[in-house]
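Below is one structure, written out as structure tokens; comments come after it.
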């Protein structure tokens, strides 16, 4: 009876939702992607057995995860591969219509297997940790059974991956190259999740850490591949590299990637420079706390400026054909439509200033739970991002990247206590933290920003689902907010005895998102119809106008497209 209970503990509401989502993706697969769907199913089953085993063994304590949180292994392992597979399904529908090139589909296929390899590598790592913990236990019949089932799924998944890559490659060398590329992603994910959990103990569950590490490995692996293509031109004969050449990258994507890379490399450079600086000073000077803090601060901001203004722009201009310095390109992009974009910036600044000032005072003087107080920021995100997504989507992409860079820079300043801003930022951010954050790492604002931005970034290019870019804004800004507020005030029926989620809150979240979609769909149709009608009329008016106005009209069309 005890083993049955422990096994059933792995089957909860979250598990049911994840498996339902995987089943929905699987039944949408075309015949050409059946191997990909089979691999995702094996990955989900392996992750499920690993999660059940981890929840019933003492291995989680060895990894220094967030106390009181569920492991979330299944959700963390299948989220990114399922999203990538959904994108593959979408592109496969557009291929007969010649909306996308074959190279783009091949490139995304390699990205899918690389994403899956990050989850598979972490699952293998967890399996080894669990097996080691099991060896130190007494009776281990049930744990060994779950571990063996998870290992079987991992082996079958690896076989399916190899077969799929072999069928899409032209030569054996291409297959080996792709398998090595995929294997490197898995190994990098294992090393990164170990480093993350040891550097920031008790800050995240395994599933959350897996999502972060998987996303970082995939994101910067893409940057590495792009750089390798530029450096080693003779490798263009291989499938992996020629696919990279076939993908057109926007300037905004390159700028965001470069800035994030620079900020993530900044701590490494800063630690090395500070160590050299302290060794070169006398012992008495190093013991002077004020002088030491000022010196560290100057080194930090000098390193930050050098990396973001000199080093990273050199990489950007190397991989992308910028006609001018990337910083100047950003300025020219903003001022290409000054009335719209500057007005939007002013609107954002006003909304942020009023909201932060108001909610910060409430957080200090009110007894409202912080989890509810932070939901007001979700509503603020809706009011900020929704109009920009409808009327200025490209500028919103750049704005999301800039906001992410600012958040990351402030978090580095807060963690390192960089004088004079470190302590001020720490005190301000503590006003909005709850049990899911810690003094060591605060990630709530990152979750909100990335939750809104990632659906927009991933739906760039061909997209036959008009509501896809709005998925993050609707689910986080409206659905999650309504679920928390209604569940907190009116919730009675709980999904589980130990959890705080209520059926009333879930129903409110689903209903609010459906209501928002029912309003947004006709609104988008009206806007598209207005553009279709107004553009030909405006074009006819300009054609009959003098030459100078016609040149302006053509320039405006190019700037919007």
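Heads up, the Cβ atoms here are built off N, Cα and C, so glycines get one too.
TrEMBL: automatically predicted annotations, no manual curation.
With a threshold of 8 Å between CB atoms, the same-chain residues lying at least 6 positions outside the transmembrane segment (17-50) that come near it are 10, 73-75, 77-78, 81-82, 85-86, 88-89, 92-93, 109, 112, 116, 119-120, 123, 126-127, 130, 146-147, 149-150, 153-154, 156-157, 160-161, 163-164, 167. Summarising the annotation, TrEMBL assigns transmembrane segment to 17-50 (among others).
The transmembrane segment annotation in TrEMBL covers 110-130 (among others).
Per TrEMBL, transmembrane segment is recorded for 151-173 (among others).
Among the features that TrEMBL reports, transmembrane segment is placed at 179-197 (among others). Sequence-distant contacts of the transmembrane segment (179-197), counting only residues of its own chain at least 6 positions beyond either end whose CB sits under 8 Å from a CB of the stretch, comprise 63-65, 110, 113-122, 124-125, 161-162, 165, 204, 209-210, 212-214, 216-218, 221, 225, 240.
Tertiary proximity for the transmembrane segment (209-235) is limited to same-chain residues at least six positions away from its ends with a CB under 8 Å from its CB atoms, namely 65, 73, 76-77, 79-80, 111, 114-115, 118-119, 122, 181, 184-185, 188-189, 192-193, 196-197, 241, 244-245, 249, 257, 260-261, 264, 315, 318-319. Per TrEMBL, transmembrane segment is recorded for 209-235 (among others).
Positions annotated as transmembrane segment by TrEMBL: 255-274 (among others).
If you look up TrEMBL, you'll see 298-319 (among others) marked as transmembrane segment. Sequence-distant contacts of the transmembrane segment (298-319) (same chain, at least 6 residues past either end, Cβ-Cβ under 8 Å): 223, 226-227, 230, 249, 254-255, 258-259, 261-263, 265-266, 269-270, 273-274, 277, 325-327, 409, 413, 416, 418.
TrEMBL lists 339-360 (among others) with the feature transmembrane segment.
Taken from TrEMBL, the feature transmembrane segment covers 372-392 (among others).
Annotation source TrEMBL lists transmembrane segment at 440-458 (among others).
What TrEMBL records for 470-487 (among others) is transmembrane segment.
Taken from TrEMBL, the feature transmembrane segment covers 508-531 (among others).
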The transmembrane segment (339-360) and the transmembrane segment (372-392) contact flag, 3+ Cβ pairs under 8 angstroms: yes
Most Cβ pairs under 8 Å with the transmembrane segment (440-458), selected from 110-130, 255-274, 372-392, 470-487: 470-487
Beyond the flanks of the transmembrane segment (372-392) by 6 or more, those residues with Cβ under 8 Å of it: 337, 340-341, 344, 347-348, 351-352, 355, 359, 362-363, 366, 399, 432, 434, 444-445, 448, 452, 456, 469-470, 473, 476-478, 480-481, 484-485, 488, 523-524, 527
